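Database features, via TrEMBL:
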TRANSMEM  A:45-67  transmembrane segment
TRANSMEM  A:79-97  transmembrane segment
TRANSMEM  A:103-120  transmembrane segment
TRANSMEM  A:162-182  transmembrane segment
TRANSMEM  A:202-218  transmembrane segment
TRANSMEM  A:227-247  transmembrane segment
TRANSMEM  A:253-274  transmembrane segment
Amino acid sequence: MTALLFTLILLGVSTIAGLLGSLTGLGGGVVLIPVLTLIFKVDIHYAIGTSLISVIATSSGAAAAYVKEGISNIRLGMFLELATTIGAISGAFLATYIPTSTIAIIFGVILILSAVMSLIKHSDHLVTGRGGYLARKLKLNNRYPTQDGEQQYTVKNIVGGFLMMNVAGIISGLLGIGSGALKVIAMDHIMQVPFKVSTTTSNFMIGVTAVASAGIYLKRGYIDPGLSMPVVIGVLVGAIVGSKILFAARTKALKIIFAIVILILSMEMMYNGLTHKV
Amino acid sequence: MKVIKQSIRDRDMETIMGKVLRFGVLASVTIVTIGGIVYLVQHGSQKPYYQQFVGEPRRFREIQKIMQTALQGRGRSVIQLGLLVLMATPLARIAFSIIGYILEKDFLYVVITLIVFSVIILSL
């Protein structure tokens with residue numbers, strides 16, 4: 001296959017990945033890595049480097065839109081970025097020492113988790129009141145705009161959420177994905193932040209987390225211009241189109257189809273990992 | 001009253017951040033596209049090889065080399081330069097936050113943000 005043909009096909013695939021990723025809220029990275037490794041037979045380290053770049057692109061693109069609406073909790077995001085960036089760097093270092101077959105298996109497990117998480121009905125918490133000592137000290141309690149005006153909320157279990165975010169960071173650095181699913185567990189389920197706030201804040205954080213490990217991947221020579229170019233352009237175009245048609249599309253059916261695709265991909269990744277084909 | 005004031009300043013900061021992010025992404029995609037066209041004109045008929053990891057040459061790995069060779073108009077170096085701009089976008093956002101927190105005299109968050117910033121800089 002010539003570079004031109006390869007670029008055009010990858011551009012098309014990335015556009016679809018970006019579109020589906022933004023419609024389902026799963027991000028493009030979770031499909032890009034299995035598609036690159038299983039279909040295009042790209043070495044998994046190159047695939048991870050490429051995916052990290054696409055994660056930064058989609059996160060910055062989406063965050064630009066959300067930040068303006070004043071929903072995301074910037075202090076909460078900044079505080080948790082302490083956990084995710086340190087985790088991401090550890091993950092990127094770990095990636096050199098862990099065999100690629102093991103990385104493929106871990107990837108499969110995280111893919112399944114992401115698919116399941118996307119299908120589970122979102123638990124929308126709203127905790128109000130003064131909140132605990134840490135939440136007050138760190139000024140994490142905030143308000144967000146709703147239809148009925150500003151709604152105050154309190155953030156719970158700061159330490160637990162911080163530790164979970166650290167794990168999310170490690171996984172992000174190790175696998176080159178945004179770890180959106182783990183961030184949702186940390187913020188929605190552990191810290192009990194309202195759903196709207198947690199998704200936008202998480203999106204905001206994903207780019208920063210990905211940059212922390214992308215620097216290491218770049219230095220190691222895992223970020224290839226020929227692969228990254230069509231992927232960045234495609235994923236961004238897909239994400240922008242996706243955000244425009246979000247309200248017109250029937251996201252529920254789409255989510256189920258996407259989850260099934262991801263399940264199949266994750267099984268194949270795990271199979272390849274177990275048989276040492278990756 | 002204090003809370004309301006803080007929230008207004010937060011909103012201003014958020015608007016600036018949104019603009020920074022959008023500008024960064026747009027600039028990056030433009031540079032990547034230009035580099036991509038140059039690359040495909042020069043190497044479009046070659047066969048790329050990604051099956052096995054061989055590692056990128058220095059001009060795609062080191063920030064200084066990337067800038068040097070990109071300025072010489074080499075396609076793939078220009079793409080890497082665009083990717084560097086993309087990576088710098090969230091960093092710029094963090095740098096703006098540091099200034100914002102200094103203006104708000106919120107020194108706890110000046111420290112937190114500085115740590116996040118240093119962690120990323122040290123990784124580069």
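In case you wondered, yes, glycine gets a Cβ from its N, Cα and C as well.
Unlike curated entries, TrEMBL annotations are predicted automatically.
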Ask   = Excluding the flanking five residues on each side, which residues at least 6 beyond the ends of the transmembrane segment (A:79-97) place their CB within less than 8 Å of a CB in that stretch?
value = 45, 48, 103, 138, 140, 161-163, 165-175, 183, 186-187, 201, 205, 208-210, 212-213, 216-217, 220
Message = Same chain only, please: residues at least 6 beyond the ends of the transmembrane segment (A:253-274) with a C-beta under 8 Å from a C-beta of the stretch. Say none if there are none.
response = 20, 23-24, 26, 30-31, 34-35, 37-38, 101-105, 107-109, 111-112, 114-116, 118-119
Remark   = For the transmembrane segment (A:103-120), the distant same-chain contacts (Cβ-Cβ under 8 Å, at least six residues beyond its ends) come to 24-26, 30, 33-34, 37, 44, 48, 95, 171, 174-175, 177, 179-182, 184-185, 255-256, 258-260, 262-263, 265-267, 269-270, 272-274, 278
